[in-house]
Structure formats: C-alpha cells, structure tokens
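Please read the structure below before turning to the comments.
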C-alpha cells in the first residue's frame, strides 16, 4: 500500500543505484530536459500517463507506483529549512547573500512583481575553463507584475 | 560613530531614494557589473579605496562611511531564514523544490563536489517574450571537487 | 533620513489615528479598491507617482516619505512566522487545516500548478445574516500550470 | 491496530489513487460540498455514522477504520509551520502579505473581533478567463466580536 | 508620534508604577471586570471612547495615546512562543500536559468544535485554603461546533 | 517489547475506538475525576497498581502494558510547541493574549510566585446557555510564593 | 520614563562596573544570601520596600527605579533558548545529558512529582582541591507530588 | 542488527519495567553511584567491559547489546531543546531564571572560566523536612579558567 | 531495498561494533587518512569502486550497499542544528565564540573571501602534555577570494 | 552609561576602522597572540587591568569602557544559531559534515571525553601554495575524560 509519492521516489532512487541508470538517459527516453525529468523522478513534478509508464518501465515500478507518478505531489525536496548539504547550501547562500541584489535589479528593470518559479525552466551545463571547469546555470522565469485593482 | 557596515547600507539606500539614483548608473561609473555593484552597495561585498570613494561621491557619504565600505562585511542580506518577500521567496522555493535535482545533475556531470558561491558570477537580463517578458538569469560558479587525502 | 519603507508605514499609521482617517476613504480618493489601497498603505504594494502624492497629501507626509512610497517594498506584514493575533491566526489556521484540501481540489480541477498570489485580488464584504453577520471574502488568483520542458 | 486518524487518511489516499476516485464524486455520494468532504477525508473533520459508512464503502475501509472516521481528529494538515509546497505556500504568502490588510479592513467594518474559522465555509470554483482561467475562492466566516465583561 | 499600541502600553505601565495604581481600582472606575480591564490596559483589547478617556485620566495619557486606546491592537502579549516567565509557563505547561485531555473531554461532551477564545471570559480569585491559599480560575467560552456544508 | 509509555497510550486509544469506551465511564470505574483519569490514560499521569489493573481490564491490555501504566511518564501531550489543532490552539491563544493579564492579577493579589501546575486540578462542565451552551472550566492551583533566603 | 524592569537591571549593571561593587557586599548589606540577592538585582526576583531602598542607595538609583525594583518582573535571564555563553551552556548541557537521569532518580525516590523551582534555594561555594578548585553547588527544592482527584 | 546506542537504551528500559529493577540496585552491583549508573544505562556514559557485562546480566541483554554499551554514545537525553516534561523543565527554568546569577557569582569568585560538565559529579538525596521533604542536589564541577596565550 | 546512503552508514556502524573494527585500520587498508576514511564511512564522502569494494569487504556489506557507497551522499552528520553531544558542541562553541575572530584574522591576512571547506583537509593527533594530553587538530583549507566582475 | 560589554565592542570596531588599526599590531602591543587579542577585543575574553588600559589607549576608550573590558562578558559572537556569513558558515559546515568523524576519532584515540574549548588555543597562518595559498589553522585543546564516580 503506497500512501505518499515520497515512497515512489525511494523506489526510483533504489532502482537507479542498483541498475546504474543515469538521469540524462531517462530524460532522453522521455524526450524531456534532464532538469525537468530529474525533478519529476524525485517527486517534485507530475508525469502524464505515457510518461509515467515509461518511467515505470525504466525503474521497474509496480502499477500502483506508476499510478502515483501521475498524482500531483506535495512538493519540497529538502529535509530542513536551511539545507545542510554543502552543494545545496551554496544555492541557499546565493539567495541569502544576493537576495536583496536580485530583488533590487529585477525591480529596477521590471517594476514591482516577481520572477515566476512555476512558468520557469532551468538548464545546467558544464562550462569548460582552463582554470577549472564551471557549472553554468540558466534560469528563466516569466516576470509576473503585481496589479492594482 | 559607525560600528557596523549595515549602517552605511542604510545611508546608501536613503540617498538612493532621495536622489533617484539607479544601480546600473552606479555600476557604469564603477566599471563593474550591475550585479556585483548592487551586492557591494547593499553591504555584501568589499570595495577597494578608489571604488569606495566613487561610491561615496555618488551617494554623498562621509569619510567614515567610505572607510567602512572597504571593510569586509558580515554577509547575509535577509532578515529571516525563510524569506517573506515574494520575489526572494520564489528563489528560496527554487532551491527547495529543485535542490535535490540540482544536486543530482551536478554530481552526474562532475562527481562529488560543489558549485562555488565565491568564485561565482551572476547576470540578470530581460528576455523579451510575446507571452510576457521573462527574467533570464545566468549563474556561473567554479566546480570544486571534494578531494581524498 | 528614511532608509526603509516600514518607517513610512509607521508615519501613515500614526497620522491615521491622529486624524481619524478611514481606509475606504483613502481608497475612494485613489480610485482603487480598499483592499489594494490598504495593503499599499501598509507597505506591501508600490504606489505610482500620482498615487503617492495623493497618499502623501492625505496623511501629511514629507517629500522623502512620498518618494519611498514609490519604491518596491520588502514584503511581509507579520512579525512572526506563526501569527499571534487571533484574527490573523484564524487565516493561518484555515491554511493549516484546509491546506491539503485546497491543494487536492485545485489539482483535481486544474492539474498541477498554483493559484497565483501575484495576479490576485481580494474583496472583503459584510454579509448580513440573522444569526450574526458574516465576513464574506472573495479571492481570485490566476491558475498557473507547471510546464514540462 | 489503528491508533491515530492519520493512519486512516493514508488508507483513503492509497485507495483513491489505486481506484482513481474523485473527491467531487465522493462529495456527491455524501450529499455534501466537495470542500467539506475532502477536508473530512483528509482527516480534518468528523463524519457521522452514516457518512463514515458511505466513505468506508467508497474506499474499501475496515470496520475499525470506519470507527475512526467518527472520532474527532487532531487537526492540522501540513508537515511544517511554513509550508514548502508552492500551491499551499501561496496561501501562506497571502496571509503574510495581506494579513495586516485583512485585519485593518475587518476591524474598520466590524470593530474588534475575528472571522470564525469554525463557523466557516469555503467554495472553490474555476473562473473562466480569456487571459487564463482563474481560481475563484469564496470564504465565509461568522464575525465574532470580542465582548467586554 | 505614536505608531503602535505597544507604545501606549509602556506609558500605562510606567505611570502605574510611578503612581502606585492598582488594576482593580482601574476596573472599578471603568465598571468592568479586573480581567478585561487589565487585558485592555496591556494592549490586548479595545476601549470605547468613554473608557479610553477614563483610562487616559487615570494614567495621565496624551490625547494621541487616548486615540490609540480605541484602535484594535495587534494582539499577543508574550515575547516568545514558549514563555520564559515561570508563572506564565505554568499555564503553557497546563496546555501542554492537559491539552489532549481537554480536547478529549470537550469532544466527548460536545462533539467536534472548539471552546471560543473570543466569546470568552475569565475570573481569577483567591481561594483560601488552610494548606496554602489557591488561585481559583474560572474560564467560560462558548462552544462553537464545526458545521458540515 | 514496550520501551515507552506512549506505546501504551496508543493501545488505549486503539481499544477505546474499537470498543466505544467513554472516558467518563473509565473515570467512574476508577472512582476518580474524568479530568485526571483521561490525562492518566493519555500518558500524562501515573496509575497505582490497582488503578492500572482496572484500566488494563477495561482496555484489554497485556501485563507488560499494565506495568508501564505504573511508570512515571515523560510528560507533554502535544506534537508541536505551538499546537496546530484549533481546540487546543484556543487555549494556547488564551495564554498568549491573556498571559500578561493573568500574571499581573495574580501578582496584585498574591505577590511574587506562581500558580502551581502540579498541586492543581481542573473541572470541565457544560454550561447551558440559551445563546449557545458554553464550556465552563475551573482551574485550581496552589499559590507558591517565591521565598527570599 | 521606565516601562520595564530590564531597564533598571541595566542601570544596576552599569553602576556596578563604574563603582566596582561586589554582589557579596550587596548581599551582606541586605542580610540575604548572595544567590538570591544577585538574582534579584539581575531582575529575576522582587524586592520589598526596605530592600529596594537599600539597593537604590548602593547603586545610586532614582526613586522611579526603586519603585520598579518592587514590581514582580517578567522572569527569564537569557537571550536565547539554548544559551551561547559557555559557562551557562554547561548548565544547559547538564540538563540535556543528565535530564533523564535526574527524572528517573527523583521518581524512584519520591514517585511522580517535581522538584520545585519556586520553593527553591541555591548555594554556590569554592571547593578547594589540589587538582584544581571546584565549583560546589547545592540546590534544594521542595518535592511537590502530583495528586489524583 | 543494532546501529545506535539508543536501541540498547530502549531494551534496558523495557527490561527494567518488566523485571521491576531499581537503579540503585544496579548501581550497587556495579559499585558506582546511582547517578552515574543511571546516566550510563540511559545511554549517556560509556561502560567498560566488566561493567557492560554486569549490566547485560541484570537486564538480560544480547552480546551485541553488551558490545554497544562499551561504545561512546552520541549524548543528549531530551527530545526537544526546551523540555516539555515538568520535572525536567524546572531544571531548565533554573538555568533560565538563575543563569545570569550563576554566571556572575562564579566569575566573582573564580574569574573568567567555566564549571566543567565533564569533570563533574552529581548527588541527589531526599532531605526530610516537616513542611514537606525536599530534593537535595549537590553538583560539583572543576573550575576551568580561560587562559591567555 | 536501500534508498538512502544513511542506511549503509547504519550497516557499517553495526558491523564495526560487532567485529570490533578500528577506523585507523580501515584507513590503512584504503591507503587514505583516517579523517577522510571515517568521514566517508559515516556517509559524508564518496568512495570510488575499488575503495567501496574494500570497505564492503571489511564490513561485510551486500553488493547493493557497496553500490550506494559510490553514490554522492546528502551530507550533514548531525541530528540538530545546535548539536547536543558535548564533544561536538565544543566545536560549535568554538565557531560561536571565536567565529568573529576567525573572520577578522583571515580577512586581515587575505582580504575578502573564505577558507574552503571542500578543498580542505583535517588531521587529528594526540599531543602528549604532562598536564594532561591534548587534542591537536590541523585544518587546512584553500583561501578562495571573492572576485569583482 | 554603558550596561553591556557589546557596547564597548562597537566602540572598538568603530575606532579600528576610523584609525586603520590592525589586530596584529594590537596583539604585539599586548604581548599576546593575535587570536586571543582579537577575541578579547571582540568581547569574548576578559582583559586584566594593564591590558585593558593598553587597549583603551590604542582605541581611545573612556575610563568606563576600560572598566568594562575587565568584566567577564556574556560570550557568543554570532547573531544567529546557523551563521549566514559565508566564511563563518564554512566552519559551521565543517562541524556539521565532519562532526561525527571528529567524535569517532577522538574517542578511538582517547576514549570517552571531550576536547576542551576553554583550555584551548588557536593559531591561524597563511600557508603558501603554488595552487593558491591556504589558511592553516591549528587548534589545541586539552582532552578531558568523563569520570565514573
């Protein structure tokens, strides 16, 4: 009996290690970006029926698990409000150190509103650099203005 | 008597509104990116002597305030661990929802390590879009591998 | 020297009590809803120049304060993460008790996505009732679907 | 052995996904609103005997589980004080950003008191809109005045 | 310039100590219970015009302060979520230790609902006892049932 | 193997629902108040041998469970520091809103000290009222003065 | 204008350093233990009129400050729930590491109840020891049994 | 498979209740104080081989459990930072209310440094008193001075 | 089915106690420092294939567990933000008490930037001392300067 | 009127920037290490009379401030439990990631006990390295064993 999407995420993670599956190969089979695919496999996005079955096939999931992949999950992938993992913490630090900067510059360019985290995409690439390769990330979110009424 | 960089940040913010200064104009006068310039003016980065004097001139700061601009600040620009401002929260949400995804994909590409938040740059641009303009952000951070010893 | 929008909010609150001003009269003079007007006066929304001057006239604000009304504020109107005021707590309780219900029903109707808190409006009215008048609130937020990419 | 209503909620959620049940169909069979029905199925409200048996039939629950549906639950449907799920967070954000506004306007209209979260109902509908459909929510709560004594 | 009811509370507390005023005497002059009167003087309840002027006379408050006494306050009288003061902590302990008991017994007697903290009164008396006098407290709150809809 | 009193509390709650037992009937069989009896069954008080055996008989507990009922428990009946359940929260709200009032009035009457939460009793009754029945609660705690030494 | 006992504590601390006063000398002049005297001067206990005047004389306090010394304070002498000061933290650590031990041994000896922190005294002495002098602390608190009713 | 000392603590607690063992009898068999013995059995101290075997014999533990008794545990015996159990809370309250007093008096006597919680012992005794027996606790910790270097 | 590295850490800890394995012996077999080896065994670092197999052999792990040792873990080895264990707390205390000192001295020597916790090594040795042996720790982290751009 | 050591710390920090003083020069004049000197100037250690007067001369402090430098401070130099400043956070991260490793290795070498943070010294040096200079830190703390009694 599965009563929570997170149980399916655990099954996927377990199968991934046992079978040595790579996220980018899953993405290729789905015909989606590796970013969206990974987020969905980690229980943050919702698959449609065909996608869920493809994923179920790759990871060897039961029909019940495949049904859960089509259910909108309770989102949030981190165990604590301030993340302890160094890689994820660096992103939290960027928000903490540059947060007011990001706010000022978006408002200077667009006025009052936000950058959507829903109508949003992310792209992560290796950027070769002789002084040491870099992680190059592009975030694109629709600007949503506050409206008067 | 100034005993904390945050007091200088308040002076800058006050002068900015009174005089209608724009961050991008400050950046131009400094010959630096608007992202770094804004972060530095908001008390997150350290100016050298020449930069501090330029900034002091733009915002009409005292010599004591200009001296403080050259002192490494205690960083962190947000008043709470989980930000309440909607624009900044959306970034926190990205870390929360996509955090495990970012971790998985960087590790799949680079192995164990982090994306530096120190050897790091950010670029924020308007991306015109007929369905509504987007905020286009590029983050670039050096990959730092964990080493065995 | 004003260095934070919240200082202007305090000036408005102080003048409001001293002069016995009502929010709905401020709204009428601005030609906006009482909900948006109050939120803006309480430092959560941004006024344009004409609006700021009208508000400045009503509350007797200085030019510097009027300039700050046109600056996008750091939002968040509550002093603690779980509000202590009984009226506001009841709203937090609604989110706590009905949160999973709201999530389920919006997803059942719309699929994965959110109800925008930016492209959003609120209307609060007295609903006469022989057993005791009721507060009747209408919330309207655009549905924003998560997209695959 | 069931010792907590939340165990029954898990059974309901599990059966719902396996059988593809919809909340509005459950509501129809109970002759209640979809909002109250969903909240009750999610462990926030108490069923009477007949209702519990109907729900037990729909989801295939044991007699013990049906008995628990008639027990007043320990309420609260969210795992953290500040919700991490984006859809639910938007509601928390509304309370955070508009909380002081809601307080001011209810007090301006009614005086000191609260909007009840107990003598309360909610209605969630799709509001078609050419610029993108909206979520239209009506909240109605009895006004309860503070009394002097 | 007063911008917050808590500033008036401080004035009242200061005057009370300087002049040696007793809460029960204030209550008598207002013709209200000592419990409601004290809560109101401590910034948790709202005075009407006549009451505010009486209170202003007793404590020697300015007209501006008297105006603020008539404004509905942001309630909550404790500086931390878990109170540090031993007397107040004992009450928090009662809620913590007996909370589930209170819940069970009210539900056993009344069914699902709450005991109102708004339509509520409190009476605190000395109960003489040869083994040591006791604090005798009567709380009376209207029962508000959850309704189905 | 039972290693914690809370496991016995779960057994009692499970049996109570299955058998439809009422707290007041348990109290009657024990010859104790329903308040003390419920608190003890919920793992907040300690039974003596005879009481534990009576309770074991009523709920059908094993000898091991009966032994645990005689062990002083680790007290505290709520899962979070600020309770999420609306009924219990109302009590927390009373402490929050009236806490400073309670403190002032007890000190005005008794001087410095506390109202004991140990030498303490509680009585909860239905108070019929034509405008809606009320919950009538009497709390009685010994006053314990701070001593100089 | 003084509106809080903590302001008087600051005056006492300031005078103590300026005049080089020792707590044990204050205690001697009051004819009380150094433990109670220090706690009272630090705003945790209440002085009677004669004591307050003696203390006012020693530290050169105004009449208003002397009046506040006779008001029961809001107790709690530490700025954070988990103390950061190493000396005070060691005491917190004792509670954390030995807390369950203390609980077990008091219950084994006395049954269910608590050691009072109100009917309580403390004595701190230097205990000479060739391996390094020790802090020798005696705590004495009345045992208060839980009662059945 | 045991992977944490806390599992052994649970076994000991379970056996203690089943067999009706007393801490002071365990201490006697070990030839150690009841305070140290109880702390060690509760997973806060480390046994040597002979002690672990004696304890294993008393509580009927497996060889694996006996091996774990000799492993230095992760210390900390309380489930929350602010304890909810009334007996343990009173100790936390002592630290909170008297913390600054303890700090002042130790510094007045010894200068800067701490009272060790490692080179530390505790003794808990019943102190007969006609007004009600008292808990008499002696704490002895080596004074460790801060050193300049 | 293993779905989290922490499950493998538990297996290692369990085997270590059962078999009486020492970390320095594991390190020797791996040809790595005892510091890195222990951190890796405790789930904070990633093994390569050969290392994982060696570790698997030493602790008798399954193939699935050995596969997990090669997966980058979610790092963070402590159960609470402020550690309760006295040994680990002392390190937290060093950061708390000396944090601003460390910051000032590194900035005085190097300018703005950080000491890397990734390009980092640690060495822990016994330092014999007639007054009591000392723990001698060497930390070495690359200095990473903030860059302007 | 100074009532807290932290006010003196602010005076020192203000004078340091205005006069361009370096910590190592202060240390030299005191004849102490730069680590201890900085910690003491930042309000974490206590100066003796001669040292306080030297420091007072360097920073131009008043006699009252110099008196406060000789008072044992309330220690803790960071504004939040989890530090936001990246340099200091890296140290917190070391405790978080390597905490269990440090604990295991110290116990493996020394048995149960702690590394003192009181009988403790720290030395921070620049370690030249062709791949980028490193921060080389030596920590030395006396091992304090837990004792049985």
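Glycine is treated like the rest: Cβ placed from N, Cα and C.
Here is what TrEMBL records for this protein:
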- A:77-149: domain 'Cyanate lyase C-terminal' (DOMAIN)
- A:90: active site (ACT_SITE)
- A:93: active site (ACT_SITE)
- A:116: active site (ACT_SITE)
Neighbouring C-beta atoms (10 Å sphere around the C-beta of residue A:93 (active site)): 24
Inter-residue Cα distance where the pair is residue A:116 (active site) and residue A:93 (active site), in Å: 20
The domain 'Cyanate lyase C-terminal' (A:77-149), counted residue by residue under DSSP: helix, strand, coil: 25 helix, 27 strand, 21 coil
Cα separation, residue A:116 (active site) to residue A:90 (active site) (Å, whole number): 21
Sequence-distant neighbours of residue A:116 (active site) in its chain (C-beta under 8 A, six or more apart): A:141, A:142, A:143, A:144
Local confidence of the prediction over the domain 'Cyanate lyase C-terminal' (A:77-149), expressed as mean pLDDT: 96
Subset of A:90, A:93, A:116 (active-site residues) with C-beta under 8 Å from chain C: A:116
